[in-house]
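First comes the structure, then the notes that go with it.
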Amino acid sequence: LMVVTSNADRICTGITSSNSPHVVKTATQGEVNVTGVIPLTTTPTKSHFANLKGTKTRGKLCPNCLNCTDLDVALGRPKCMGTIPSAKASILHEVKPVTSGCFPIMHDRTKIRQLPNLLRGYENIRLSTRNVINAERAPGGPYIIGTSGSCPNVTNGNGFFATMAWAVPKDNKTATDPLTIEVPYICTKGEDQITVWGFHSDNKNQMVKLYGDSKPQKFTSSANGVTTHYVSQIGGFPNQTEDGGLPQSGRIVVDYMVQKPGKPGTIVYQRGVLLPQKVWCASGRSKVIKGSLPLIGEADCLHEKYGGLNKSKPYYTGEHAKAIGNCPIWVKTPLKLANGTKYRPPAKLLKERGFFGAIAGFLEGGWEGMIAGWHGYTSHGAHGVAVAADLKSTQEAINKITKNLNSLSELEVKNLQRLSGAMDELHNEILELDEKVDDLRADTISSQIELAVLLSNEGIINSEDEHLLALERKLKKMLGPSAVDIGNGCFETKHKCNQTCLDRIAAGTFNAGEFSLPTFDSLNITAASLNDDGLDNHTILLYYSTAASSLAVTLMIAIFIVYMVSRDNVSCSICL
């Protein structure tokens, strides 16, 4: 009689378990519980505007020009002449249409209110030291350069804007056909040249008195492929100015043209022209955003709705608006990236009956105790359950998550560059994106980012199978012939494997020989003890073989007799 026993242990690969699951969204599995997450979004709160970190931020065009609007500075109002500091970012702080405190301007006729915005969009801005043309000797002259008491100079005498010359005919106060003057490019550093010009109109009496012609006058400017036409309005202006300045019966219309390096512009005019004088020379790019002054402190990002923001997450939810700097990107819903493994309750051994009732050893759930890692090994035996984390596998999983974060960051940068590029394309227009187009673009980018996060979560969760398969191959190689693969990532060892053994497996220092020699307790065969006197082993074997042979012969004879009877070849009679 043989009795077979086993002192083997079972070693399995496994995943950590957690009792605090989080939820992430995936592309195909919907919402999935995981052991940890990295929040990718934040919802900002409103704050004051600030200087943008790492760069110069411009508030007012001329900080030292007191009681001056940015339009005053842009037009060169006599008491508003000063240096405009260079800046990589600018705040459009005058949220309402702002007029000049000088001669009353008909703002609605032109895009003159956009002139300060245009200048804000340049990093470097300077006013030329010389006049672009000699206004007194321009065609249709000679002219007297007009001034106004509503535009006083620094000595409180009559003055006018430094960027324009009010050309009043000196002697020949008569009507004239359209005249043409070329405006040369005079900037010296390859800058854009912003040339300001305009025209004056009044009631009929004043038009005759100043220009000798009471009819509407025609004006045209052309530069850089852009041509603009105007016809002056005669009379009909309220006596009190919209600027709250001195009462004026007349008005001026002011416009500008942008001349590229080396390219001249032209102005076609009649009576009442305001000829260009000093010009703006501008270069570089400064990002513009609507905001408020003063600027307090520093911030990573300037947001039209939230003010100064310090970036803590790559994305934000809440109100979408234009922003500049190192800003999070707007998304519709909060986003989370999986930072761990798929949630599993504490593991149990499922006793599935296989061939001869063997335990299959399939593991369900995760194992508690893998404090230092997400993946690892478990050992089951007389010692109970031992658990050890595999740091290398865990690090590989973390590296994959980091790679996903970097990919999302690259996507963020590309989208920011796309938005920035779109803004630069409109730079020479008004430097403001159309809100509807901007919202549509933001929705599209938000959808792209959300899909990228869903796919990243899908990949992170699905990669668990890869990590476990790699662990299984590693475990099989280390155990070698000292264990039998029983499937589902489990191996039955021919030796004991307690916590020390498992820790060495996790550390990659396991040596099967070290555990097999002293601790091997392989299949034990215990022989039955027969105590008949005078019998040795050879005699016992002889008895066994004789009995077995006799039994075999008897069975063969019995089978032959039954066969012959069934064929009627042999008859059998039983008599009493």
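Every residue gets a Cβ built from N, Cα and C, even glycine.
The feature topological domain 'Extracellular' is assigned by Swiss-Prot to 1-544, with sequence analysis given as support.
All chains included, 12 other C-beta atoms sit within 10 angstroms of the C-beta of N33 (N-linked glycosylation site). Residues annotated as N-linked glycosylation site in Swiss-Prot: N33 (among others).
For N67 (among others), the entry in Swiss-Prot reads N-linked glycosylation site, with the evidence type sequence analysis. For the recorded site, N67 (N-linked glycosylation site), the DSSP three-state label reads coil.
Summarising the annotation, Swiss-Prot assigns disulfide bond to C68-C80 (among others). Listed in sequence order, C62, R77, K79, C80, G101 are the same-chain residues six or more apart from C68 (disulfide bond) with CB atoms under 8 A from its CB.
For C102-C151 (among others), the entry in Swiss-Prot reads disulfide bond. For C151 (disulfide bond), the same-chain residues lying six or more positions away in sequence with a CB closer than 8 A to its CB are R77, P78, C102, F103, N158, G159, F160, F161.
Among the features that Swiss-Prot reports, N-linked glycosylation site is placed at N153 (among others), with the record citing sequence analysis. Long-range neighbours of N153 (N-linked glycosylation site) (same chain, six or more residues apart, CB within less than 8 Å of its CB): P78, K79, G159. In three-state terms derived from DSSP, N153 (N-linked glycosylation site) belongs to neither a helical nor a strand segment and is classed as coil.
On its own chain, N172 (N-linked glycosylation site) has G140, G212 as residues at least 6 apart in sequence with a Cβ closer than 8 Å to its own Cβ. Residues annotated as N-linked glycosylation site in Swiss-Prot: N172 (among others).
Residues or ranges marked as N-linked glycosylation site by Swiss-Prot on the basis of sequence analysis: N239 (among others).
In the three-state DSSP scheme, N310 (N-linked glycosylation site) is classed as coil. Per Swiss-Prot, N-linked glycosylation site is recorded for N310 (among others), and the stated evidence type is sequence analysis.
In the three-state DSSP scheme, N339 (N-linked glycosylation site) is classed as coil. Swiss-Prot lists N339 (among others) with the feature N-linked glycosylation site.
Look at Swiss-Prot and you will find C497-C501 (among others) tagged as disulfide bond, backed by sequence analysis.
Residues or ranges marked as N-linked glycosylation site by Swiss-Prot on the basis of sequence analysis: N498 (among others). DSSP gives N498 (N-linked glycosylation site) a coil state; it is part of no helix or strand. Neighbour count (other Cβ atoms within 10 Å of the Cβ, all protein chains): 16 for N498 (N-linked glycosylation site).
According to Swiss-Prot, the N-linked glycosylation site annotation covers N524 (among others), on the basis of sequence analysis.
As annotated by Swiss-Prot, N-linked glycosylation site applies to N537 (among others), with the evidence given as sequence analysis.
Summarising the annotation, Swiss-Prot assigns transmembrane segment to 545-565 and lists sequence analysis as the type of evidence.
Residues or ranges marked as topological domain 'Cytoplasmic' by Swiss-Prot on the basis of sequence analysis: 566-576. If you average pLDDT over the topological domain 'Cytoplasmic' (566-576) in this model, you get 57.
A 10 Å radius around the C-alpha of N339 (N-linked glycosylation site) takes in none of the recorded positions listed as C497, N498, C501. Nearest neighbour of C501 (disulfide bond) by Cα distance, taken over the glycosylation sites N33, N67, N310: N33. Look at N172 (N-linked glycosylation site): DSSP puts it in coil. Here N498 (N-linked glycosylation site) is positioned 32 angstrom away from N33 (N-linked glycosylation site), judged by their C-alpha atoms. Classification of N33 (N-linked glycosylation site) by DSSP places it within a strand. Long-range Cβ contacts of N67 (N-linked glycosylation site) within its own chain (separation 6+, distance under 8 Å): K79, G101.
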